[in-house]
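Single-structure report; data block below.
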Amino acid sequence: MSYLLAIGIAALIVALIIAIVVWTIVYIEYKKLVRQRKINKLYKRIRERAEDSGNESEGDAEELAALGEMGPFIPGDINNL
């Protein structure tokens, strides 16, 4: 009987050690995944900012073109409204 009890306790200890190792590996992989998500988010943000900064000049050009369609600006002519 004590022989079976010793085997049972040893099996529980081995199972506990295996569970600790498995959950440690899962935790390490989870931290890697979270870190990669943060990197991807920063990369996406930087890429969007780069696209935005390139498009600002195009937006300004469109605004200037829209203002240019109003007619010529004559500083001395007050009734140009």
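Even glycines carry a Cβ here, placed using N, Cα and C.
Record features (Swiss-Prot):
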MOD_RES   Ser53  phosphoserine
MOD_RES   Ser57  phosphoserine
TOPO_DOM  1-7  topological domain 'Extracellular'
TOPO_DOM  29-81  topological domain 'Cytoplasmic'
TRANSMEM  8-28  transmembrane segment
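Broken down by DSSP into helix, strand and coil, the topological domain 'Extracellular' (1-7) contains 6 helix, 0 strand, 1 coil.
A Cβ distance under 8 Å defines the sequence-distant neighbours of the transmembrane segment (8-28), meaning residues of its chain 6+ beyond its ends; there are none.
Note on the topological domain 'Extracellular' (1-7): none of the residues of its chain located 6 or more positions outside it place their CB under 8 angstroms from a CB of the stretch. When pLDDT is averaged over the topological domain 'Extracellular' (1-7), the result is 91.
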